């Protein structure tokens, strides 16, 4: 199961972006910021009280009249309801309760999702009583904060993480391999999922997933148990194109967060687009298992060298993830679709692989004998030993004399040695240096 997702919801100018940027400013143990496809800051990886989670800023276009504000608030609340596990609902303590606040509160109550009500702009104790009227929303006790002054944020996050304990109960789904199908509209994701579901006799059930538009399909095959996280419902007709694009990004990123294996489907006639690179780049940053699926291969004029040349071109465009697996298919005709789940299982096994410490250090010792670390700033890093500390993704910690003497080229060399020795094809891996005395 992926990390819990926390969405920040509220009408324009209540302080959503201020709060998000305060969190993303590394003032509360933020681990990593990830820009969205639209280059807006959509996601921030966060940690609080040893809980890791993902914050979403559901802000976007700020409407100019009341009718559009209400429509925007409904759409924003829907996005939060669809993608989030916990919702932070921000209201303006200085302006007071509004009709838009009431409408969103009604939607959030019906969602059955945990909601943390936050009254912002309470910059001093004299404004505390301003929060009382928000009890009328009927969604629990309000937490008062000042996002701009970073007051009350700890209490707010304490309330948020209280809802995370229920995620420990998701162990039943751990035996399923979670696959996110990602890619631009019209590339064939829906056709492929229907093909996979139609070919497999042992479908367990289709259940509503984390999004209303998408369906998470549970199925069992000879290869194993799978959950297909369908992002086919990303498209929605709207006059406000940029707004919907942003929400599509949020849905897609939420799918990546929850997945073990990310399958990027591209159109053989279009190749890799800039949007494809950014979306799969996020999966790469999270070190997910990755497959690039080239669809509509039946429409390409080809000879016996076309596929290899096409693959090399793709690898050139996606050179930041040389470990990715590639498969050329036709969702329409079924060409090679029977290989998809088999390849996904292989990538997942590598994503979940654990290496014994003894064998690992034998490999590292030989690697150092073949090529010792370079001198960096008059210092040479000495590696004492290494150990694997996690799976999904595989994470290796190297204990060294001086982590500041590390060099990216040598880290790449060590990664290649690990990949060559233990077959991590199809998955990202992590390497971390920890300093210790000899």
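Glycine is no exception: its Cβ is also placed from the backbone N, Cα and C atoms.
Keep in mind that this is a model prediction, so the values were computed, not measured.
Per Swiss-Prot, the features are as follows:
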type: DOMAIN; residues: 4-168; note: domain 'EngA-type G 1'
type: BINDING; residues: 10-17, 57-61, 120-123; note: GTP 1 binding site
type: DOMAIN; residues: 177-352; note: domain 'EngA-type G 2'
type: BINDING; residues: 183-190, 230-234, 295-298; note: GTP 2 binding site
type: DOMAIN; residues: 353-437; note: domain 'KH-like'
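Where Swiss-Prot records a feature, it is marked here on the structure.
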residue	record	contacts (Cβ under 8 Å, 6+ apart)
10	GTP 1 binding site	16, 89, 90, 91, 92, 104, 120
122	GTP 1 binding site	93, 128, 130, 131, 144, 145, 146, 151, 152
186	GTP 2 binding site	267
297	GTP 2 binding site	268, 307, 328, 329, 330, 335, 336
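For the domain 'KH-like' (353-437), DSSP puts the residue distribution at 32 helix, 25 strand, 28 coil. Separation of the C-alpha atoms of residue 183 (GTP 2 binding site) and residue 58 (GTP 1 binding site): 21 Å, rounded to the nearest whole number. Across the fold, the C-alpha of residue 58 (GTP 1 binding site) and the C-alpha of residue 189 (GTP 2 binding site) stand 25 Å from each other.
Residue 16 (GTP 1 binding site): 24 other CB atoms within 10 A of its CB, across all protein chains. Neighbours of residue 13 (GTP 1 binding site), defined as other CB atoms within 10 A of its CB across all chains, total 12.
Cα-Cα distance from residue 13 (GTP 1 binding site) to residue 189 (GTP 2 binding site): 37 Å (rounded to the nearest whole number).
Counted within 10 Å of its Cβ, the other Cβ atoms near residue 183 (GTP 2 binding site) come to 26, all protein chains included. Around residue 189 (GTP 2 binding site), taking its Cβ as the centre, 24 other Cβ atoms fall within 10 Å, counting all chains. Under DSSP, residue 13 (GTP 1 binding site) is assigned to coil, being neither helix nor strand in the three-state scheme.
Taking all protein chains in view, 24 other C-beta atoms sit within 10 angstroms of the C-beta of residue 58 (GTP 1 binding site). On the 0 to 100 pLDDT scale, the model's mean across the domain 'KH-like' (353-437) is 92.
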